[in-house]
Structures are given as C-alpha cells and as structure tokens.
Amino acid sequence: MKVAVLGAGAWGTALAGHLAARHDTLLWARDAALIAGLQARHENSRYLDGIALPDALRYDADLGAALAHGAADDALCVIAAPVAGLRTLCHAMRDAGCVPAHVVWVCKGFEADTHLLPHQVIAAELPEQQSNGVLSGPSFAREVGQSLPVALTVASVSAECRERTLAAFHHGAMRIYTGDDVVGVEVGGAVKNVLAIATGISDGLGLGLNARAALITRGLAEMSRLGVVLGGRAETFTGLTGLGDLILTATGDLSRNRTVGLQLAAGRTLNDILGALGHVAEGVRCAQAVLALARAQSIDMPITQAVCGVLFDGIAPRDAVSGLLRRDARAE
C-alpha cells in the first residue's frame, strides 16, 4: 500500500516510521529545511529527537507529489497537521487539484474560532472527500517511535476507510480497533487534553492521588455529557479514545498538557511554559472552545471552567481548586 503522511511533527513522524515498516510511505512537510534534515539523518531532530526512522521512509516538501502518492488506487492519505493548521492544509490540498480518495486524520481538538471538530472542517473544505475517518487513542509519539505496544481506534462511517486504515496500521506493536462514532472519538480526543491540564495542576500542587482519581472520573463525566449532546455515543467515552486517552494524558509524564498544568502549579506563566515546550499543547488551544460549546448547550463542566480560569482569567491554581471544592453537594 502507498501511504502519504501530511505533517512531520512528532506524531506524524512516529506514525510514518511505523507505516514505513510495512508500506511505501512518504512523509510531507512544508518546511524544506526540516525535510532536508530528515533526508540527511533519517531522524526528526526538531520534533522527535533520538528516534531512528526506517531507511525505506521517504520525505518530500512538495505537497503535490505527496498528494499524488496518497491518491493512488491502493493508497491512504494521513493528515497529521494540528487542528489549528487543518483548514489551511485543506485549502492547499484543494488548490493542488489532487484530493486523495481515502483520508484519515490524527489531529485532536476543536478549531479555535469556529469551535468545529476536524471532520466538520474537512467536510466544509473538501466536500467531495467521502471516504474518511479519524484515528485516535491513548498514544505518545515517542513510544510509537520506539515500537512500544499501542492500541488505537479508527472511526469512520465508511467501511472502506476503516478497512484501509486497519490494513495500513495494524501490524507490529500497533493494534487497531474499528468503529463509526466519529464525533465521540473526536470529542474524547479534544476534551481529555483540557482535563490533563487540570490533573497536572492538582499533581503540581501536591494534592495527592485521591484528588487525581476524582478529577479523572468527574472529568470523564464532563467529556461524556458534552460528547453525547454533540452527537457522540456514551459508550465511546469509556473506550480507548475516551477514558483510555484521558488516563494516559492525565498521568503520563510525556504529556505536554499535563506538563502545562504542573508548570502552572509551580507558578510559571502560560507564555513562559509554552515557549519552553516548543510543541503544541492542544488543551490550551481548545479549552475556550470546549467551554463555549458547553455553555451554548447549558452543560455543566466545572473542571473545564476552572482550567479556563487559570489559563486565561488570572485565577491562581490553588484558588481554582478551592472553587471546585466549594461547589454544592449533588448526586453523582
């Protein structure tokens, strides 16, 4: 199978390395200097340093060439750009005049200005693209790059897209499950990043494991409430792309969103934290979108509201926690 991966950040690079072990894989980035470094060293020293990439993996800064590779009869196109750049990439794909027949995206979050999920952005910008889906689940790029075991879910209403994605990714240490709840999978992948900031704050303040468990459990309830109202199925949120991804992102030290929370608890400013990270922390980007959607639907999401207060309203982390503890008692 031919596979084109669009986006050479940490996640796109790790997935391309996995795919290249079995398939004819081309990794694209618009940054010619990044591509030149990949070609010279077979390592993404900018985003995934220390991980050797397969010799068979090829690289290109020409979007047209990458799209042509991913548009072959027996091919798959993987969109690994962050949500913030998804619409721009779709524009470029359309302008290139070559939209692959089978597309799967791996980005997580809501578009900041429109509050749209990735599938809604793609439907608006590439309406002719019908065989598509989302690949998501509890996963750190570095561990995938190290070929450590991982389980992901592809969700699509297209059986052909599910089967093609399964054929591409299900090998080696990667196990793929299939489903059709695109909305549920996307909401889980977005909201868990916001909740991971909350658990990072709690852990950074030294509030203990009991508090962490409470935040994860009540955070899952927030995720499910929003997801069901937006069209997802309740059972999706207890699976890999909901609870599974939440547990990993909230507790794993490779989590950028958890790191943001830890650093906020230590008294650092958000600008300093993001500057030091040098990578995307999607929870920061989509927290306001999640809260706006919740308010528009009259959904109670107190943990998300507390995170937004710390990130954007100058509320001290310890005061945000105190506010949660002062909430009225209620039935679970």
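Using N, Cα and C of the backbone, Cβ positions are placed for all residues, glycine too.
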Site co-member for NADPH according to Swiss-Prot, given Trp11, Arg30, Lys108, Ala141, Val280, Glu282, out of Arg58, Arg164, Arg175, Arg256: Arg256
Ser139, Asp245, Asn257, Val280 filtered to the binding-site residues whose C-alpha is within 10 Å of Lys192 (active site, proton acceptor): Asp245, Asn257
Spatial neighbour of Ala141 (NADPH binding site) that is closest, considering only the binding-site residues Asp245, Ser255, Asn257 and their CA atoms: Ser255
Packing count at Arg30 (NADPH binding site) (other Cβ atoms within 10 Å of its Cβ): 17
C-alpha spacing of Ser139 (sn-glycerol 3-phosphate binding site) relative to Trp11 (NADPH binding site), in angstrom: 9
Alpha-carbon distance [Ser139 (sn-glycerol 3-phosphate binding site); Arg30 (NADPH binding site)] in Å: 25
Candidates Lys108, Arg256, Val280, Glu282 (binding-site residues) - the one closest to Asp245 (sn-glycerol 3-phosphate binding site) by CA: Lys108
